[in-house]
Every structure is written in structure tokens, then in C-alpha cells.
Amino acid sequence: KQVKRSSTLNNNKVLGYPISIFFIVVNEFCERFSYYGMRAVLVLYFKYFLRWDNDLATSIYHTFVALCYLTPILGAIIADSWLGKFKTIIYLSIVYAIGQVTMAVSAIHDITDKDRDGTPDNMTFHVAMSMVGLFLIALGTGGIKPCVSAFGGDQFSEHQVRQRRTFFSVFYLCINGGSLLSTIITPILRAQECGIYTQEKCYSLAFGVPAALMVVALVVFIVGSGMYYKAEPQGNIMLDVCKCIGFAISNRVRHRGKQYPKRKHWMDWAEDRYDKLLIAQIKMVLKVLFLYIPLPMFWTLFDQKGSRWTLQATTMDGNFGALVIQPDQMQTVNPILILTLVPIMDSLIYPLIQKCVNFTPLRRMTVGMLMAAIAFVCAGLVQIEIDKTLPTFPSASQSQLKLLNMGNSPLTVNLTGLDPIDLPAVVNLEMKTIPLAKGKRQTLLIPSNTAEEWLFVNGMGMALNVSTPGVYVGLIDSSYYSNYSLVNNGKIIFTIWSDTQACNYSREFGFGSSYTFYIPGNLSNPHTCQNDITATEDIKPNTAHMALQIPQYFFITAGEVMFSVTGLEFSYSQAPNNMKAVLQAGWLLTVAIGNFIVLIVAEVAKIPEQWAEYILFASLLIVVCVIFSIMAHFYTYINPAEIEAQFMKKGDDNDEDDKKQLQKGMEMVKRNSTGSHSYDGDDDDDERKKTKM
């Protein structure tokens, strides 16, 4: 098999590299673009398309992310134990692509928009489709995550060390490149207007492009199938480790009486069945995994970049002059800072600190946790500034009512429990009972002709059409209203027309603002349209700038570099080579648990003030940081290679003893067979002696 592998690899090379790796690199770039592009707009899709509140959107988002970090363990076991890496990548990539296409279809609002008002009529269909799509994506992206990089490494022969190292550098560059580009591009696609009957935010395009990239990734990978070296499944070390640990526990339970001698370590109870070297390797891994216990709290904070922080950005001003940043594009600050901070940390910061103190890997991780906590303190302070600019929204037990007088004479309104309210310009008032929905904001329009129904905009005696270049508001009947419509920030020109006349009305819109426009009944001159239409500002534009988020992104990214990069480096240095897959599985498990913690806090705690939730997470991480620092203080660094060498040496010594004993026995047999020929023992006795020897 090794000879066949070498000949296959040597026959297909370009500049010393196997041709097959080019297909793998392109596949990885497209797959990462697909995943991060979809994930960048996901929480806004939940909030604005599926109409979920912030807590539910956050919970489902982090459930999805947690599944994406649980399924790699399943993918590794399938690849190493049954299908092999190549087939696992193919099959799960098909599942992945189906999931992305399903997400794109779920975001097409025209499928169930029968009344063509821009809002889906059957939201259950869209929710069900999106949940199925996300499950398939989590299964696909997680399943192939541990396989692709390892499959790429398999394409190199043993002597191609330099080429293999270069491949992994390019491979991880493709991961960051795909992530960065997709996080920039897909929010732009989402902000476009699209639709068959009505023009709405184009989530279907934002999901459709990543779906197309995933299909391209699959096709490219299949095209190179004839050039790959495909290793046969060799078994999964994680299963062996679990079996060994399980046997040690069960054996310890069976021998828990005082009559049984104690052993130094509970894993020593596995010596009855498993090799001592394997047990020693598992002990080293367990020491590292014990340090993993506090780590999920870091990921609890870190992964909220894509949920809580993105939702925070929706209440901020993204106008940077010539550049307008979408809320979900602020996530690009993270990969940009990573590419900047990693070389600065390695070449400048760490050496300077090392001159003052012994900046061990565990101390770096502790500082990384503190950085993440500081980031959330910054997020809390930013949220306090944002709250100052937001309107007072009703709580779940309150309602709000806004009165707009559309008549031509003043009016006094009496509401139970409140002082009389004077409204200018009203003709008549007719008392009506107004049902108020708790937790909502309502607008009460008092019409000039009270025989009509409640109205919103059109005060004229004829139906009017209202549209902009990107949005058709619709036909508004006389003395009636239109639905709220979402428009882009900046200057918008509305065209208002009927069968007999038309005029243009322009307005500058800021991020997050909300307006009600009243078209008066005496509007007749198209040249005075701009001055005659009355605008009431329901919600003021966002005044807190998105640039305020940059400090929290800086601290969370600095924390990631010090925590994540250092953590993996430390873990791999403290475990044997054949146990790195176990540590990777444990590391991914901490990420998944961290996302589940966000889910619990969002759904159970129900903290009313968002800034308080940020401070809560920061406080929890500081507490965990103290615990981790204590654990790190008592940790003793080891050299796995030296420990393994000691066991190998013991094994060699035992082999030498066995060889000496065997040689003595052979000499004894030889003397017996070449000595006295008058030996009178029977054949059975002679056979018995040989068997014993």
C-alpha cells in the first residue's frame, strides 16, 4: 500500500506539490465562504424575516453554532472507523449543500405571500424550512470540519515536510479569506431589494450565494477525485480512549472493597486489559481536559459577536461618510484584527512581556479571558449610550398610544386617568373604544370625517399610489393607511400619484428611524407637495455610532488570539501525537457548551436591560478566570515525548529479558537434543516439557 501511495503522489505534481491539493484548497475557500456568509446574516434573518424577538433569535442562533461544534466529533468517528475521509467529505458535503439551498428557499417571502403585501402569510412553512436547513448545515459543516485538513495532509509523502507546512499555511489563509470576504459581501446582498411581487430585503440572495458556493465546493472536490490518495479507515483513537476509560471505571467499581490493593491513579485499573503506554497517554490527556472545564465561559462571550453584538449594531448609526456599514458587517472587524494582531503578538508583545515575567501559555490564556471580560464591559457601556437615544418602549404589562389630529380645527382629548390633551386642527371628535395590545406601540389617527375607518396616511378623497425607486408602498384608499415599509438610510424620494395628478416628496432617513406621513385632503398643487405633507417622527434616528463597537471588538479579538491560539498550542504540547484528535474533540466540545450557556441565559434569565446582561457575562467570566488561574498555578508542565520514551525503554528492556530467557531455553533444548542418545523418557513427557518451555 505504501509503494502504491508513493507512486500515485509522485506522478501528479506541479512545482513539487500534488495537483490534488489545489482542489482541496479551492473547496475549503468556497465552503468557508458559504458557512460564514450564511452565519453573518442569520440572526437578522431570525429577527426581521421570521419576526422573532431578540432572545429567541439569539437562542436559536447559538443552538445552531453549538451543533456545528458537536458534529465534528461524529464526522471524525465516521471517517476514521467506517467510510474514510474522502467518502465522508463527499456524502456530508451533499447534505451541507442541500441545507444551504433549503435556507435560501426558506427566505423567499413570495412563496407564501398570497396577499402580496411583502409579509409571508404562512410563517410556519418558513420556520420549518429554515430549521431543517440549519440542521443539515450543522451536520454537514461540522462533519467535514475534521476531515478536509487531514485529507489534504494525506496527499503528501513523508519527505514532503516543507510542502506540507506550506499547504497548511495556505489552507488556513483560505479559511480566513473566505470568512472575511463572505462577511463583507453577504450583508450587502441582504440589504438589496428583491422579490417577484413585492420588493423586500433580499435574504434569499444572501443565503443563495453561499448555497451556490457550497455547490461549487462540492463539484470542485469531486472533479479532483481521480488524483487523491485515499487512505483506508484505520480506526478512531477517541473510541479506544473511551473504551479504556470506561473499562478503568467499571473495573474500579468492581474492586472497590478494602481487600483490593489501592492503585496510584484510577486509570491504573485498566492495566488488566490495556497497554501501559496507552494508559499513560490517556493520563496526560486527562490532565489537559481537566483544565478545559472552565473554558466554555470564554466561548459564551466570544460567539455573541454574531448575535447580541449584531443586534446591538442595528440600533446604531453605520454612516462612516463615504462608506455605509451594515450591522452584520461589523463582524469583519474580527478577522481583520486577527490578521493584524497575531504577528504583532508573536513578534513584539509576547517577547516584551517575557522579559518582565514568565508569560507561560496558561497565563496567556488567563489574560485572554480578562480581555474578553473587558470587551463585554465595553459592550455594556456602549449599550447604556444607545439606551439614552432609544424611545421608551412599553413593557409586557404596558401599552402606548399616540394621537394624531388629521382635522382642521383644534381638539381636546380626554383619556381615563390622564389630564386632557389638546390637539391642534380637528373638526370633530367621536368617542371610540380602542383595544390596546400589551407590549406594543399604537398610533391613533383622529380623522377629519369620523364616518370613515381609522386611517394612517391618505387624507384625500381619492385613492393614491405611493412608491419609491426600491419600494412600492401600495394603493392607499381614501382616508386609509398603508403598512409600514422598510427603506434604506439616506435621501429617499417618494412618488405620490393618482389618476389625475402626481408629485414627489423627499426625506432624509437615518438608521433606525420611523416616520408617519400625512397627506392632507387639500393637496392639489404638485409643486407644494414637499411643504404640504406633514411628517411625524415616531422614533428618532440612531445617534450612537457603530464606531463605538470597535473597542469591544479589539478586546475580544485580542482575547481570542491569547486564549484560542495559545490554548491549542498548549494542549498539543502537553499530549502525545496520537491523542491530538481527542484534545481537538474536547476543545470543540467547550465551544459547544459555551453556546448552550448563552441559550440558557437568554431564555431563562430574561434580563430586561441588555447592558446588565453584558455586565453579568463579564462578571461570570472574571469569576471563571480566577478559578482557571488557580488551576493553572498547580499545573505541572510535562514533556509527553520523554514520558513515552521511558515506557518504550521499559518495553525494550522487557523484550531483552524475554530474548535472554528464550535463548537460554533454546540452548537447553539444544543440549538435550545433542547430548546422550540413551534418553529413555517417553514421547508424551518430552512434549510436555517443550510446551512448558
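Each Cβ is built from the backbone N, Cα and C atoms, and glycine gets one as well.
The annotation compositional bias 'Basic and acidic residues' is assigned in TrEMBL to 650-661. Summarising the annotation, TrEMBL assigns region 'Disordered' to 650-693. If you look up TrEMBL, you'll see 14-36, 56-77, 89-111, 123-144, 165-185, 205-229, 284-302, 336-353, 365-384, 582-602, 614-638 marked as transmembrane segment.
Highest Cβ contact count with the transmembrane segment (614-638) among the listed stretches 89-111, 284-302, 336-353, 582-602 falls to 284-302 (criterion: pairs under 8 Å). Contact between the transmembrane segment (284-302) and the transmembrane segment (365-384) holds: at least three of their C-beta pairs are under 8 Å, each pair 6 or more apart in sequence.
Looking at 89-111, 123-144, 165-185, 205-229, 336-353, the range that has the most CB pairs within less than 8 A of the transmembrane segment (14-36) turns out to be 205-229. Between the transmembrane segment (205-229) and the stretches 89-111, 123-144, 165-185, Cβ pairs under 8 Å are most numerous for 89-111.
Between the transmembrane segment (89-111) and the stretches 123-144, 165-185, 336-353, Cβ pairs under 8 Å are most numerous for 123-144. Remote same-chain partners of the transmembrane segment (165-185), defined as residues 6 or more beyond its termini with a Cβ less than 8 Å from a stretch Cβ, comprise 17, 21, 24-25, 28-37, 40, 149, 152-153, 156, 209-210, 328-329, 331-332, 335-336, 338-339.
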